[in-house]
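Swiss-Prot has this to say about the protein:
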DISULFID  Cys288-Cys311  disulfide bond
DISULFID  Cys300-Cys308  disulfide bond
CARBOHYD  Asn87  N-linked glycosylation site
TOPO_DOM  1-57  topological domain 'Cytoplasmic'
TOPO_DOM  79-89  topological domain 'Vacuolar'
TOPO_DOM  111-124  topological domain 'Cytoplasmic'
TOPO_DOM  146-153  topological domain 'Vacuolar'
TOPO_DOM  175-179  topological domain 'Cytoplasmic'
TOPO_DOM  201-208  topological domain 'Vacuolar'
TOPO_DOM  230-246  topological domain 'Cytoplasmic'
TOPO_DOM  268-316  topological domain 'Vacuolar'
TOPO_DOM  338-345  topological domain 'Cytoplasmic'
TOPO_DOM  367-376  topological domain 'Vacuolar'
TOPO_DOM  398-424  topological domain 'Cytoplasmic'
TRANSMEM  58-78  transmembrane segment
TRANSMEM  90-110  transmembrane segment
TRANSMEM  125-145  transmembrane segment
TRANSMEM  154-174  transmembrane segment
TRANSMEM  180-200  transmembrane segment
TRANSMEM  209-229  transmembrane segment
TRANSMEM  247-267  transmembrane segment
TRANSMEM  317-337  transmembrane segment
TRANSMEM  346-366  transmembrane segment
TRANSMEM  377-397  transmembrane segment
Amino acid sequence: MKILKKKKKGNQQIVPDERYRELDSHAPNENEIADEAPMSRKILYYLKLVYHEIRENITIYLLIILYLCVCVMNKIMAKRTLKKIGNYSFVTSETHNTICMVVFFSLYFIFGRRVTSAKERHQNFGLQFLLISLLDACSVIIAFIGLTRTTGNIQSFVMQLSIPINMFFCFLILRYRYHLFNYVGASIIVLTIAIVEFILSFETQEENSIVFNLVLIASLIPMSFSNMTREIVFKKYKINILRLNAVVSFFQIFTSCLMLPMYTLPFLKQINLPFSEIGTNIKNGFRCLILGQNTIVENCGLGMAKMCDDCEGAWKTFLAYSFFNICDNLITSFIIDKFSTMTYTIVSCIQGPAIAIAYYFKFLAGDAVMKPRVLDFVTLFGYLFGSIIYRVGNIILEKKKMMEAGNDDDSEGELTNAESIITQ
């Protein structure tokens, strides 16, 4: 008698991940750990877990170190470029986007097309690329306004708020699920930065406005959606990283034009530019960048209406910035592609304390070198500790997901055996 008849899927078995099988082999019986075991044995046990985690994820840790080095150099070279040709932001932005487009398209046609499937090659992702470009442009424009009345310490804290903002939108849209340790780790990072920057804020007398602080925080929302769109494109369509960055750079050449009206806003201080002077500013910008000719040399400087030009050798500094920025974009895309938006968000937050420490070294910071501060190392420790807690939450979730998959497979096997008995 046939009561149930279900199409058999074969003897598919989910093989437990060898990483966690080996991890379990390191773990003694829970009661044995909880009992009065010698302290040395407990320490050895946890050291084995740390060794196992590093060994199995050595690639991502090396990638984090590489990203950190590139990101620090990117920010330092960006500051040097701003110091030399800060009066010509539109020229540097458009020139940089053009360089990125040429480099990414060249790399894609040389290397990317060989590994690109025919389906991807003929599929049009123009809408997704345009959306990413518009979100990036929107984020830059909003941040551009917010930064004008936001002090450096508050800027650093606001950047860390990308963690809870990304967690919220990834939970809402990408259906991410988090462990308690994820929330604890993220909170440790944000609170550490908040406390340190609050202390440092008393050392500065810079102009600050709560309204502009909120505007800067708002710029994190389109940035979060941009990163999530990248993740969807990578995971769903398996698109080539070089292709995405090439086309996005192409669109950004046009979306950067949206920035032009922003320069006429009166509260932009040194970078304020009357509409009638935009054409002259663009011409002088190219003269500064390509020919090294200074235009603004009088009635300029710290506290004045304009920054002074320092165009000699500006093209070298600018090319160095473009190189590290291109590397930054590639590594960012790779992290989002291979891991997730939240992994990138957590990793990117280390750049704050790392950049502060990098300014201790004159060969990196140049004239902007700073004296070491204990608070910078406190920030770095808080970030590392919070990241470890966050990673523990990910490990627990991954292992739980594998166990649930194994249980589902066992249940399906029992049902199949029952069906075979009933139908005999």
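Using N, Cα and C of the backbone, Cβ positions are placed for all residues, glycine too.
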Between the C-alpha atoms of Cys288 (disulfide bond) and Cys308 (disulfide bond), the distance in angstrom, to the nearest integer, is 12
By DSSP, how many residues in the topological domain 'Vacuolar' (79-89) are helix, how many strand, and how many coil?
-> 8 helix, 0 strand, 3 coil
Chain residues outside the transmembrane segment (247-267) and at least six past its termini with a C-beta under 8 angstroms from it = 89-90, 93-94, 97-98, 100-101, 104, 125-126, 129-130, 132-134, 136-137, 140-141, 144-145, 148-149, 273-275, 278
Between Cys300 (disulfide bond) and Cys311 (disulfide bond): CA-CA distance (Å) | 14
Counting other CB atoms within 10 Å of each candidate's CB, the least crowded of the disulfide-bonded residues Cys288, Cys300, Cys308 is Cys300
Looking at the transmembrane segment (346-366) and the transmembrane segment (377-397), are there 3+ C-beta pairs under 8 A, with each pair at least 6 apart in sequence?
-> yes
All-chain count of other Cβ atoms within 10 Å of Asn87 (N-linked glycosylation site) | 23
For the transmembrane segment (180-200) and the transmembrane segment (377-397), does the number of C-beta pairs under 8 Å, pairs 6 or more apart in sequence, reach 3 or more?
-> yes
Given the cut-off of 8 Å on Cβ pairs that are 6 or more apart in sequence, determine whether the transmembrane segment (209-229) and the transmembrane segment (125-145) share at least 3 such pairs.
-> yes
Including all protein chains shown, what's the count of other C-beta atoms within 10 A of the C-beta of Cys311 (disulfide bond)?
-> 23
